[in-house]
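Annotated features in TrEMBL:
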- B:1-20: region 'Disordered' (REGION)
- B:40-58: transmembrane segment (TRANSMEM)
- B:97-119: transmembrane segment (TRANSMEM)
- B:140-163: transmembrane segment (TRANSMEM)
- B:183-208: transmembrane segment (TRANSMEM)
- B:215-235: transmembrane segment (TRANSMEM)
- B:322-346: transmembrane segment (TRANSMEM)
């Protein structure tokens with residue numbers, strides 16, 4: 001990945017809260033101008049990672065580069081503007097939506113009033129009603145409008161769809177993709193509901209117990225994993241790394257990561273079938289595999 | 001309606017981006033934000049201050065008029081002016097009450113303006129919103145502190161000016177001194193520096209405790225404690241002066257503005273008499289009994305003490321500005337310590353999105 005195409009470069013970042021490690025030696029690069037899905041179970045460190053990237057939270061060790069510039073605690077620096085929207089979608093309850101936009105204009109170097117207003121109009125949020133009297137979904141739209149109006153280079157959304165009804169989820173996801181396509185913005189959205197990401201995310205970052213378990217382009221990741229089903233066997237009938245294996249009396253199922261070669265080998269073993277994996281299946285498989293590895297390590301240590 | 005039916009929300013960045021009307025953290029933007037967030041507290045404080053200063057100014061004018069009617073002297077008893085002045089709810093009583101109220105104005109600045117500055121952000125969980133914009137957290141904080149601090153200073157300066165005028169008017173018409181706590185603590189620039197100090201303390205308590213009610217109660221408790229401490233100890237901020245005076249002599253020159261701490265003498269075994277001979281030696285009880293036989297009886301004749309002197313301990317009126325200055329520096333020091341604490345707390349505050 002070329003330097004200019006990297007939006008976020010995380011190098012050996014760890015974060016410890018007293019005795020608990022929230023992140024451990026995280027290392028990955030995220031491409032610019034794409035939708036990045038940050039996925040992980042509850043407590044995996046997603047919010048901590050986003051807070052560190054935004055500069056609000058200092059890392060215990062390691063460095064984060066946004067747009068090639070190092071992020072320090074204490075807010076945005078010139079050239080690498082990062083906006084973050086927390087999971088609870090904070091807004092000032094006694095402000096109306098118009099006041100919230102003025103807040104954004106008053107506190108940002110760059111402000112796109114038209115973009116913020118269009119977002120509110122698109123989702124029919126009344127400008128003159130106090131945020132405290134708006135529905136949870138409407139408050140989330142106001143918070144999103146402020147975040148988008150500031151025209152950040154990187155926009156971090158923590159569980160952005162959690163307050164929205166199913167129809168609004170689909171519309172917001174679509175609009176956010178449109179924003180990324182229209183502007184030069186990298187969008188990272190975290191969730192533990194993988195089904196929300198299908199068709200939305202270009203890039204996947206899977207976080208497990210504070211570590212980056214999987215990171216890559218979604219299409220490539222899906223193309224490089226297969227589910228192989230066939231007669232019971234200890235090993236799959238082809239090359240690749242076994243991510244997950246499941247055995248019944250007469251049947252075995254393997255999720256395999258294929259080797260990184262230009263031409264993938266065909267599966268020709270009799271009785272075996274190969275099927276692509278879904279994004280949700282891929283994520284769940286990796287999370288389960290990571291958990292098994294942790295449990296095995298803990299058992300060995302005990 | 002499908003999202004596809006809508007036009008794009010914005011033009012490409014190069015066309016659609018607009019610079020904000022003012023740079024981030026510019027005075028006008030943060031001024032608006034500060035006003036928008038604290039306008040009710042600001043208006044309430046303005047109303048209270050306007051009523052208080054207006055009432056005090058009116059009373060000061062009324063007292064001055066009565067004083068002039070008495071030819072700039074203490075009004076003799078049973079004159080209409082004296083009866084007006086000393087009526088149960090007359091201008092003198094109301095003035096004393098208002099001067100007492102002035103002493104409690106600074107806690108309002110701490111409770112209504114200082115404490116909510118950060119606690120409201122913590123309680124509504126909007127600190128992350130405020131601090132994740134282009135304005136840095138410290139710039140956001142110092143801008144708000146400066147704007148609200150200036151407001152508190154202007155407000156308390158107005159109150160201090162009028163209350164000082166009223167305190168002097170009250171002292172002029174009666175037998176009280178500017179050293180009385182009612183007048184001393186409500187005069188000079190004390191309401192101003194105390195107001196700024198308690199505003200800063202309120203912000204610091206809000207930053208440390210993060211909850212409005214506990215921070216508010218702590219500020220009130222601290223204010224009462226410090227006010228009582230100051231009230232009890234302000235006369236000893238500087239070592240009092242002392243001077244010998246003949247027993248039974250008229251008061252010292254300038255005693256109308258002085259605070260006499262000790263000017264009496266006493267008799268009794270084991271008790272310091274505060275009676276001195278010409279050479280400056282304090283006389284013991286036994287010496288006094290020898291010198292004045294019968295002095296310890298019911299039919300004592302004290303004329304034998306006429307040749308002796310008492311040591312008068314006092315604070316001269318000329319020291320009042322110095323005492324005010326010391327207290328002013330104390331309150332400003334309190335403000336500086338509180339602001340340092342705020343800075344340290346905010347620097348150490350880590351926010352997490354989740």
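Just so it is clear, glycine is given a Cβ too, placed from its N, Cα and C backbone atoms.
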- [ ] Report, as numbers and ranges, every residue of the chain located at least six residues beyond the transmembrane segment (B:183-208) whose Cβ falls under 8 Å of a Cβ in that stretch; write 'none' if there are none.
- [x] 99-100, 102-103, 105-107, 109-111, 113-119, 122, 145, 148-149, 152-153, 155-157, 159-160, 163-164, 166-168, 170-171, 176-177, 215, 218-219, 222-223, 227, 230-231, 234, 320-321, 323-324, 327-328, 331-332, 334-336, 338-339, 341-342, 345-346, 349
TODO: Taking the transmembrane segment (B:215-235) as the first stretch and the transmembrane segment (B:97-119) as the second, find out whether 3 or more Cβ pairs fall under 8 Å, excluding pairs closer than 6 in sequence.
DONE: yes
Task: Spatial neighbours of the transmembrane segment (B:40-58) far in sequence, C-beta under 8 Å, 6+ residues away - done: 94-95, 98, 101-102, 105, 108-109, 112-113, 116, 151-152, 155-156, 158-159, 162-163, 165-166
Task: Tertiary contacts of the transmembrane segment (B:140-163) (same chain, 6+ residues out, Cβ under 8 Å) - done: 25, 27, 30-31, 33-34, 38, 42, 45-46, 49, 52-53, 56-57, 60, 98-99, 102, 105-106, 109, 113-114, 117, 130-131, 186-192, 194-196, 199-200, 203, 339, 342-343, 346
